[in-house]
Amino acid sequence: MAKSLNILIAALSLIAFSPFCLCSKAYGSGGYLFPQFYDHSCPKAQEIVQSIVAKAFEHDPRMPASLLRLHFHDCFVKGCDASILLDSSGTIISEKRSNPNRNSARGFELIEEIKHALEQECPETVSCADILALAARDSTVITGGPSWEVPLGRRDSRGASLSGSNNDIPAPNNTFQTILTKFKRQGLDLVDLVSLSGSHTIGNSRCTSFRQRLYNQSGNGKPDLTLSQYYATLLRQRCPRSGGDQNLFFLDFATPFKFDNHYFKNLIMYKGLLSSDEILFTKNRESKELVKLYAENQEAFFEQFAKSMVKMGNISPLTGAKGEIRRICRRVNHAY
């Protein structure tokens, strides 16, 4: 744990004393987010999040990818408001039940652990939405990726949207245009789409998310020809035509626990696991050029990934008097 924490602290210290304020006007919101939001109200907030994420990584190497995914799935549904964390209760139908999240989204207990520690340090101050944003950044850093200042000041929603989770989060089998449209609805563009997809340099996917590529991509009983047939043969060994739905596979088989640019190198070799990955290289000229750029230049990928993460984190946050600061992330305060 000490080694992981030292990596985080070293990376974050490079940006901690920036001479300017990285104040971000949030997309779809009248409020501003800024990295210094808790400097006086909870000065140890970021340190607490970093420490717990580092400890979790030591025990579960999959956790960083899970935390990144939670932030992504949160922001694409009603904005970055921690709605994904709410359990079903009263009038709330949890987003955890949606197709993108059911039997897939994880890390909820760790977010609650972070929240509990923050409540001990500074009660009713740090939002669950900000915890998700910080944990996503720390997860990237601890696996070898870039760091960035996280604009803060989000508040938590008092509701969730199951339909939004089902409809707004890009799916593995969506067409390129459908995925790009879903990004554009959030104020994100094609560059954001390609760079943020690079988060699949870590993490896993289930057999059920790509099985059609192995056996019946276009409804004609034939495999996806944009998938390396050698790679497909290996995948079929643990992803049969039926059964094994929950079997896990690395999204980046080359360096599955390291945040790097091998994801893009895999796409060029037609070894992207998901259809939604490979189509970045096969279905659009502009995205193909970006894939090639990031495959050749990891620094360019890291720089854009950090920018796009800040941009995604600015999607329609609740600020000012909107929403609340939940005391427990899985339920709204009036449920007490």
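Using N, Cα and C of the backbone, Cβ positions are placed for all residues, glycine too.
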Disulfide-bonded cysteine for CYS42 as listed in TrEMBL, from CYS75, CYS80, CYS122: CYS122
Distant-in-sequence Cβ neighbours of CYS329 (disulfide bond), under 8 Å, six or more positions away: ALA82, LEU85, LEU86, PHE108, ILE111, GLU112, LYS115, CYS128, ILE131, ASP156
Neighbours of PRO170 (substrate binding site) among the recorded positions CYS42, HIS73, ASP260 (Cα to Cα, within 10 Å): HIS73
Non-site residues, in chain order, whose CB comes within 8 A of the mean position of the CB atoms of THR201, ASP252, THR255, ASP260 at Ca(2+) 2: ILE202, ALA254, PRO256, LYS258, PHE259, ASN261, HIS262, TYR263
Residues flanking the Ca(2+) 1 site, with Cβ no more than 8 Å from the Cβ centroid of ASP74, VAL77, GLY79, ASP81, SER83, GLU95 and excluding those residues themselves: HIS73, CYS75, PHE76, LYS78, CYS80, ALA82, ILE84, SER157, ALA160, SER161, GLY164, SER165
Nearest of the recorded positions (CYS75, VAL77, SER83, CYS239) to ASP260 (Ca(2+) 2 binding site), judged by Cα-Cα distance: CYS75
Neighbour tally for VAL77 (Ca(2+) 1 binding site), based on other Cβ positions within 10 Å of its Cβ: 28
CYS122 (disulfide bond) and CYS80 (disulfide bond), distance between Cα atoms, whole Å: 22
